[in-house]
Each structure stands twice: as structure tokens, then as C-alpha cells.
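Below is one structure, written out as C-alpha cells, with a few remarks after it.
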Amino acid sequence: MPVGKSEGPLRSRANLFRTHPSLTIILSLLILILAIFTSASTSVIPRLGLLFGHLTPRHTPATTTRHVTTAATMTTIYAAELEVAQLAVQRAAQLTKRVFREKGTKGAVAKDDASPVTVGDFGAQALIIAALRARFPHDAIVAEEEAAPLRTDAALRERIWRLVRETRLDDVAAEGLLGGAVADVEDMLALIDRGKSEGGRRGRVWTIDPIDGTKGFLRGGQYAVALALLENGDVKVGVLGCPNLPVDDAAPLTADIGANQTDEEGRGVIFSAVIGQGAWSRPLGTGALAEGKRISMKPITEMSSASFCESVEAGHSNQSEAAQIAQKLGITKPSVRMDSQAKYGSIARGAGDIYLRLPTSKTYQEKIWDHAAGDLIVREAGGQVTDTKGQRLDFGVGRTLATNSGVVAAPAAVHGQVLEAVQEVLGLK
Ligand SMILES: Nc1ncnc2c1ncn2[C@@H]1O[C@H](COP(=O)(O)O)[C@@H](OP(=O)(O)O)[C@H]1O
Ligand SMILES: [Mg+2]
């Protein structure tokens, strides 16, 4: 092809740009915008969530594919909430694990209701709320602890601040998704006190139990870091970090699962669920989220070989009534006692079958943070969760489950049968 033929138009285009320099600028801008949008799906849009809270993440393909779990990649609904909640729980669990390994009292102080709280509870709550404030700044929070005891105890405050300051995920991008570090001690106290919402049936409310099963935590048993999102009173996202449960979903519940835990390697699992999307488990890690696996409850073919879980603390659940219920159902195995919502996680993955929580007092009201995550995880794994009257747990009443009494959780197919035995023994029929 003659050289002149191809050079002609090129030369005239070059002249055009020389005579109209603004064209060069416009073209460069267009190229830049195009470049940004082609990489937006993996890097830019998720970061906008940091600026716009839940508005953006809820409608974007959850953050980066590297951190997105199998569950999250399948759908975009609550994907950002699910990812942030799991990472926040994972980070908080790094703090609680550090305290768990400490010998002695773990900085325990008694609360007004005489229940214990440790430096781990305060620190984990501060870290979780820091992530929620960064990513979903408009959401309300119902959390178990408040900062009042720390304002008057400088030594306790400093100890917790050190833990909070030093705990971060060892993956920079994952840590970035949680909004980074807490600014200073005052900020830490303010974060802890953001958990004082009254809850209720309207809007988005996160509920946090930074260490569920504090007595188990102090004893060296099971405990859980629990986080759930309620929308208009219904649980939409639930996450439980259980540092002392085996990773293997198929590992049977041993009689000693609730005791003598040493935070050994190879343990630690995160359970999660999103409404209508199933339940999942994955190893509890230290950085980005590990790959998750779908979990489901085990169908009970023979009631005689079923196992049921209950609290270690006889003051939290009536153990003698539970034994009578088990006998009525023909269950032959002794109960598996363990602290915390690890019970919900354990039956959701089929390691155990039934969870009974039978009131020990007429006046005690269960707290929403003790049940919200576990309730959704069990229901999404194919279970049914009600109180002893057969009513669904109502998380829209306020900070407590004021209209419910106890918990009966079982695979959906046998829940009716279990509830009947519960009601016969409790004289509710
Ligand atoms: N009388 C009671 N009846 C039922 N639950 C109670 C109770 N007193 C305290 N609890 C709750 O039981 C939770 C522990 O449950 P479990 O026995 O399944 O481990 C505690 O959570 P924390 O440990 O977060 O304070 C606390 O909220
Ligand atoms: Mg609790």
C-alpha cells in the first residue's frame, strides 16, 4: 500500500489535535474514565462503601473476589454485610483468643447483674463496632457491654486499649475493609458505647455478643463471638466465631467438647448465614476469609441415637427437665454440655441434633445477642427454632426476647415431636 495513502488521514488527525488542544484533554479524560470503570468491579466500587456505608455495598458485587466467599459470590443481597460481619468477627476473635490463652482471671470484673465480663469482651466489642461504624455508619447497634466500668478504672482501660491497638488482621486488604484502626482510647470508649440502641422492629439493627459464654471463656470451655443484622425485627445475617470448635463439620460432638479447651491449632470455625441463602462454615483465620462450605442439619432417623445440647451452667437452663424430655423422646445418649451459641453452630452442621434451653426462672428475659445469629444459622441449615410455647423467637421487641420463653431448636422434620415432649414435661399442654 502506498505510504502516502495511509499517512494522509493520520497527519490530518495529528493536525486536528494540534489546532484543538482541548480535544486531547477530553480524549485523555475519556480513556481515564474507561480505565477506572473496567477495574471498578474489583477495586473501586467496593471502596465506595467506605464512604457511603450500607447504601453502596448492598447493591454492589461484594468487595473483591479474593475475599468474597462462595456464599457471597452467588448473590449480592447482604453480601457486603456478610463479608464485613465475618471479617469483624474474625478480627475480634484474634483478640479474644489472645486473652483466652492468658492464665488467671483474664481481667474479669463483675457486672451489676453479677455476671462476669473480661477485657476480651470490651476489646472485641470495640473492634466489631469500629468495623460497623466504618462500613454501615447509619445502622443501630445493640451490644452487650458498656464502657462505664472502664471510665473509672485506668488500669483496666489501658489493658483493653493495648489489646485493641495491637489486634489487626494480617491481610492488609481485609483490614482495610474494616476501616482500619481505632483512633485512641477515647474513641475506643465511644465505640463501646455505640451499642446502647434499644433495638426494635424498625430499620437495621446489628446485635453483638463480643464473648458469648463468658463463663465458658473463663473456665476454658466453648465460647463464641456473635454478630447478627436485624432488619425490621428479622434476622437477615448471622455470624458466629467459635474459636474452640473443630474445623471439621463432620467431627462428632465428644463428651468433653465443652471443657479443657486450650486454643490449640486446628480449631476455630466461623458459622454464617444469610436469610434465604443457606448456612456456611469456614475455618477461623487471621487474615482474609478462608473458603466456606455449605452446612446442613443431619436428618434424625432414629430418635434413640440423637444427641442434644444444653448449657454447662445449670442456672441458664434446667438440666433435670431436659433429662426428662430426652427420656420421653427415647434419647439414650447423655446431653452434650457446652457454653455459648456454639450449640447452635454444632447442631446446624449436624455434629449434634437438638438444642434445648429451658427457663430456670419466670422473670429472666433472654437477650437478643445470645440468640440472633444462632437462630438464623440453624434455620438456614434446615432447622426450626422456637421457644417452649412453639413461637418463633421475636427479635423485634427490644434488647431482650421479652415475649419468648426458652429455646427449642431441632431439624424441621422432628421439631414438632421434640416440642411436644418439651411441653408435656414443662406442663404446658
Ligand atoms: N438465668 C439465665 N437464664 C438463661 N440465660 C442466662 C441466664 N443468666 C445469664 N444468661 C445468659 O446465658 C448466656 C450464656 O449462655 P450459655 O449458658 O448457653 O453459655 C450468657 O451470655 P454471656 O456469657 O454473653 O453473658 C447470659 O446472657
Ligand atoms: Mg451471651
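Count begins at 1; order follows the chain as displayed.
Each residue, glycine too, has its Cβ placed from N, Cα and C.
On a predicted model such as this, the values are computed, not experimentally measured, just so you know.
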- Among Glu144, Glu145, Glu146, indicate the single residue that TrEMBL lists for the Mg(2+) site containing Asp209, Ile211, Asp212, Asp370. Glu144
- Task: Tell me whether Glu144 (Mg(2+) binding site) sits in a helix, a strand or coil according to DSSP.
- Result: coil
- Residues satisfying Cβ distance under 8 Å from Asp370 (Mg(2+) binding site), sequence separation of at least 6: Asp209, Asp212, Ala226, Gln341
- Task: Would you list the other residues of this chain near Mg(2+) - those whose C-beta lies within 8 angstroms of the C-beta centroid of Glu144, Asp209, Ile211, Asp212, Asp370 - in sequence order?
- Result: Asp121, Ile208, Pro210, Gly213, Thr214, Ala224, Ala226, Ser340, Gln341, Lys367, Trp369
- Item | Sparsest-packed of the listed binding-site residues (Glu144, Asp209) - C-beta count within 10 angstroms | Glu144
- Task: Restricting to the same chain and to sequence separations of six or more, state which residues have a Cβ under 8 Å from that of Ile211 (Mg(2+) binding site).
- Result: Thr96, Thr118, Gly120, Asp121, Ala124, Phe217, Tyr223, Ala224, Val225
- Which of the binding-site residues Ile211, Asp212, Asp370 have a Cβ less than 6 Å from any atom of ligand 2? Asp212, Asp370
